[in-house]
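According to TrEMBL, the feature domain 'Cytochrome c assembly protein' maps to 88-296. The feature domain 'Cytochrome c-type biogenesis protein CcmF C-terminal' is assigned by TrEMBL to 315-528. According to TrEMBL, the transmembrane segment annotation covers 81-111, 123-142, 176-199, 211-230, 250-267, 274-294, 314-331, 352-376, 388-408, 456-473, 507-528, 705-724 (among others).
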Amino acid sequence: MNDFGALCIITSFAILLFSIAQTSYGIWKQDKKAIELGRYTLMANTAVILLAFTVLLVQLFRTDLSNYYVVMHSNEHLPLFYRLTGIWSGSSGSLLFWNLLLSLFTFIVLWQTRELVQDRIPIMNLTLAVIAAFFSYLAVFYPDAQPFREFQPAAVAGRGLNPLLQHWAMVIHPPILYVGYVSFAIPFAIAASALITGHLSENWFRFVRRWTIFSWFFLGTGILLGSKWAYEELGWGGYWAWDPVENASLMPWLLSTAFLHSMIIQERRGMLKFWNMLLIILAFHFCLLGTWITRSGVLEGPHSFSKSTIGTPFIIYIGVSFVFFLGFLIYRRNALKPERNLEAMTSKEGSFLFNNFLLVIATLAILLGVFSPLLYGREFKAPWFNSWGVPSGILLILLMGSAPLLAWRKGADKIFFSTLFKPLLVGIAGAGAYILFYSQNFTISDYSLGDVLGEVYSVIAVGLGIFTIAGIAQEYHRGITARKASYPGENYFFAGFRMLLKNKRRYGGYLVHLAMVILFIGFAGNAFKQNTSIKFFYFLNAPEKNEIVYSSQDTGVLGNYQISANTLKIKPLVNGDAKNGLNIQNVIVSHEATFQVKRHLKEFSTMVTERRFYPQISHLSGDFETHIPTSEPSITSTPKEDLYIQLGAIEHSDLSDENPDLPLLFMNYLFTSENQPVRKLENFNRFPRQIVANLEVWVNPLVKFIWAGSILFFLSGLLILLPIGESRS
């Protein structure tokens, strides 16, 4: 099957070259037949790439150990859905998935424009064909991008999926993120075709807007899912680390957010034409840059792949493409002059401009931080990002709250009392209530920017967030009141629902703003985050069947929480199918610690946290090599805060010797037959009689707001995308 899959990749590359040649010839000679042939072959490429993708899926399903990619990213003991999702766990498989998505989106947009063979469409087709050809070129000529490399001779066992990726969010997070990344090629190709042909009439961006919202929505959803995965799986008590790959996805999302806002100004006021074209070019190339960061191995992080030979051709392609289209943009600058000038800085246009300025400056600052190891020889850590990111976020909340309330062309002073005054009062009252709540309920902050500054930022963010929520509620109330005046028979809530469906662009946008504000309120709680490390002494109990049990009566305290240790069990978990019994390839060793938690001296929760040790099997011999540890935190969540605990390293009780290899001791004990009681007892006696377990504890305020905001972002974005309610031409 490897040969057939490789043949599909080569065939795809040949088809794309043929499509490029035919489309180029058709554009040059104004030959409609050549253009149509180029379009048909580009559409046919979708079937070829889909076939190649299916071949790799089948190989993963069957655990075909003649395929290098399957050997490195799967094994027969994995659950089926983890075996199949292994297709995007490695560089070459994820690039094939990228190619498939690009082909599918290209097919859709070619079908949408099937009646338009003139004007800009052939250039759009050519642009998409060149992008697809580059990815096929990598898969043909660079081994690191080839998903059908032969493993000779066939391996004895697969190495399996990275344990960190064996989480529900990682089943859907990568494909959703890839959909966001890849689909940016469509609005870019449409904009590029308008730029190259010089046909810059206003209708080009109406088509771009729909595709950009699609890309922006999926990219944002993917980012939020990644935060959920990091919070539940990595065991460090946080959801965002400013990791290079996290930043790589955030940058194009920020740029596309800026584009979606400034495009409104172009549509309403004929301004920012040059700027909008630059933003869409930047957004697409930042998507490519994010792909390069993830796959080149130049910048390391928990999300990135190992070093790869595709890094050099990838960055060259990004650079050449960006310079080419930037040159065309400069060449067309006279055709992109604004029709009007800004009349008031505090008008709606002015707030949108400031919004764009903040988002682009934030993107450039993130870019500087991402490349700091290469530029300055040291990595800029989270405190550096937070030092400017927190005040920038506060300004964005202010803009989200004020921009919908401002008028076109008029300054804020003209409408202050009619639109801004009441929400501002509510925001001030909300900030005051938050201060009162903090003084009564929160403990002293250990925020990295300093206690006072962190608290001030938090109060301002919450106050502005409540101001924004009040402004959105005011706008909804005004809209519903106006609708009820036209349709007196509708009740208040039905009128609001109909108003939302009929004008999703405006009122759906307000819902997205509401989601972002709720997210920012959740982020503000980080100012009062608490963290400590507690050591618990455990004593070995009598052996139990297939389990080693330690017990403790130690207690630790963090803030209002009293945490009492109970048992620490070392036990086997089965990874995947256990129909053939337990063996070294499918047994995960679990260190499972149970704690009884009280809050304000009242029973609060029983929490169970784990450290799991996954077996790493040699693909050459099938023998056990080592264990790969992962964290399984326990989280008890309330609207006020999360109590987050994670079992850490286990040491000898004298704290001086090398840490005991409990997983290996347990494997020896587990796989000693009950028919050898003397040897079984000897293996049991090798366990230390006393151990010390480290427990990391965090109190994370307002995290529930982050997940509530994430859900609202998804639902409101989906509402805007779905073709219901609002009529479209």
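Yeah, the Cβs are placed from backbone N, Cα and C, and that goes for glycine too.
Between the transmembrane segment (81-111) and the transmembrane segment (314-331) there are fewer than 3 Cβ pairs closer than 8 Å, counting only residues 6 or more apart in sequence, so the two stretches are not in contact. Same-chain neighbours of the transmembrane segment (176-199): 88, 94, 97-98, 101-102, 105-106, 109, 119-124, 127-128, 131, 205, 207-208, 211-212, 214-223, 225-226, 249, 252-253, 256, 277, 280-281, 283-284, 287, 290-291, 325, 328-329, 332, 335, counting only residues six or more beyond its ends whose CB sits under 8 Å from a CB of the stretch. Same-chain neighbours of the transmembrane segment (211-230): 109, 167, 169-170, 172-174, 176-181, 183-184, 186-187, 190, 238-241, 246, 249-250, 252-253, 256-257, 259-260, 263, 280, 283, 303, 706-707, 710, 713-714, 717-718, 720-721, counting only residues six or more beyond its ends whose CB sits under 8 Å from a CB of the stretch.
Outside the transmembrane segment (274-294), and at least 6 residues removed from its termini, the chain residues within Cβ reach (under 8 Å) are 98, 181-182, 184-185, 187-188, 191-192, 195, 205, 208, 212, 244-245, 248-249, 251-252, 255-256, 258-259, 262-263, 266, 303-305, 311, 314-315, 317-318, 321-322, 325-326, 329, 332-333, 336-338, 356, 360, 363, 370. Beyond the transmembrane segment (352-376), the same-chain residues lying 6 or more positions past its ends with a Cβ under 8 Å from any Cβ of the stretch are 242, 244, 247-248, 250-251, 254-255, 257-258, 261-262, 264-265, 272, 275, 279, 286, 293, 298-299, 342, 384-385, 388-389, 392, 395-396, 399, 403. Across the domain 'Cytochrome c assembly protein' (88-296), the prediction's mean pLDDT works out to 91.
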